[in-house]
C-alpha cells in the first residue's frame, strides 16, 4: 500500500497540477495582460480632445472597436478554460483519491482476515508466554545452584569441546626495522589428533574477528624463558610447512601456559643464563639524511595542502597497519617518489601525521639530542619568560646542523598549524603535548625523566611561539652559557595548581643544594671550584658559597625517603646564592653579592630559606604563623588573581601560614590574598 501511493495518488495529482492548472495559469496571465492593454487604450481614447480632426477621431474609434472585439474573444476563451478546469477537477482529482482509499481499504481488509486466520496462534503464544513467566523463578534457582557448583569446582564443569585446547592468545607479529613488533589478540584452537592449529585475529572492541584465520599443522612447541623475552607466559610454536620459522605466543597466565604446553606437547627450551645474548637494537633506516628530509617535507606539504583545518590534527592517530605501510614505502628509495600524498585519497591525513611522528620517534637519537636534553629542561623549569626564550634560543644553536635544520622545518610547520587553531583546535599547548615526547626524550627512563615530561611540552611551546626569533636570529653572544642553570635558585615559591591540565605562568621551583653528604653533623670547609658535570648533581660547590650544616637528626637516606621526600627536604635545607646564575635568570636580581654570603638578602621571589643564615634555619624550622602583622621588605607584582601586589613598607593584617609551601595569607587594603613569605618581615 505504501509503495503504491506514489503511482496511484501522488503522480496523477502532480500531473494534473502541472498540465491542467499550469495551462489555466498561463491563460490567466494572458488575460490579465490583455485586460490592462484594453483599459489603457480606452483611457487614452477618452482623453482625446474634441478639437481634433474628424478623420483622426474616426480612426481612433475604429481602433478602439477592434481592440474591444479582440478582448471580447479572449475573455470568452478564458471563461471557457475556467469552466473546463472546474469540470476536470471532479474526475481527475477525485479518481486518484478513490483509488488510494480503495487500496487502503483492501489492505485493512486483508489485515482483518489475517488476524482471524492467526488468532489461534496468537492465543497459543500468549499461553506459552504466561507459562514461561511462571517457570522463571524455578529456572533462576537452578541456574544459581549450577553457578555455585561451577564456582566451587571450576575444573569439573568445563564445557565439552571438539578441540583439545582453545582460547585467547597474543601472537607476536614482527615488523621491519625500526618498527619492532606488535602483539595481536587471536582466538586459537588446536586438535591434537590431527596436530591442526587454527588462529583467528580478534578485536574485543568491535566484538569480532579482524580478518581471515590462519591454519597450519604443528611441528613442535617450546616454552620461552623470561630471560630471552621481555614478556611473561610466552611459548614458541613451529609449523611443518615453515621450517625454521617460529611464532611466539603469550598466554594470559602461567596456569594457562601450562595447559597449552600440555596440549601442544611443549618442551623446555635449551637455554642457559650464562649464554644469554644481548640483542642489539635493530638499526633502522630512519636517519637524518636526504631521505629523512624528503619524508618530512612530503608529509608537511600534504598536511598543509589537505588537512591544515582538520580538527585534532596530529592528536588523532591513524590505523597502525596503514601508518607502518606508508612509512615503509616512504623510507624505501624505490617507492618514495611514487607515493603521492597531496592528491591521493588512499592516504588519510591522520595516517600521514602519524607516519611523520613515527619517523621522528624512530630516529636513533631524538631530534633535540640526548646530550642537550637536560639543558633544555632546566630553563623550562625556572626563570622569567624572557630568560626561558633566550636560554632555549642559545641551546637550539648548539644542536648539530642537520638536527637544527630539520627542527626548523618542523617548528615552522607547527607554527602554521597553531595559526589555524580556531579550525583545527590544535593550540600551541596541544601541539606541545603531542610533540614534547616526540622531539625530546632522555637516554635513560627514570622517575625523574617521567616528572620532566611536562617541561618537554613547555620547551616545544616556546619553540613554536618564538620560531622566528629562535631560528632566524643568532643568540646573544654576551649571554652566559646556561651550563650553571642547575644551580639556580627559583624566582618564587612553587604554586600547586588545583586544576589539572592548566599550567600557570609562574615558573616551577628548581633547587640544587651544595651539601656535603657525609657522616657527622659538623660543618665542612668549602672545596675548590669545580665545573658542574651533571645537571642532576647535588654537590657542586662554588667559591661564592659557604659551608652549610647538614640538617641534624636522621641520616640522609631517612630524609630522602620519609616525610614527603626530596622536595620537603629541600624546603627545610639551606642553599647558597649564585649571583651570576641569578642574574642570568632574572635581570632584576642583585648583581653584587654581600661580603658575607650567609646573610645576603634574598633575590626577588627566591625561596624563603635564603633570607636567613644557613645554620639558623637548619637548626630551627619555620614555625606556623597565625593572626600576625607583617611589613613588606621587597616590592611585589601579583602574577595571579589569588596573589597581592604591594610596595616596600606595606603593612599586612591577619597574616597566617598558607597551604601553599613558601607562601603566607594576609589582608592588605581590605583585599585578602597570597604573599611570598620571603618578601615580608613579621611584626
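Backbone N, Cα and C atoms are what each Cβ position is placed from, and that goes for glycine too.
Of all ranges given (94-121, 122-149, 150-177), TrEMBL attaches the label coiled coil to 122-149. Check TrEMBL against the ranges 481-505, 631-655, 656-680 and you find region 'Disordered' recorded for 481-505.
Counting residue by residue with DSSP, the domain 'SH3' (625-683) contains 3 helix, 30 strand, 26 coil.
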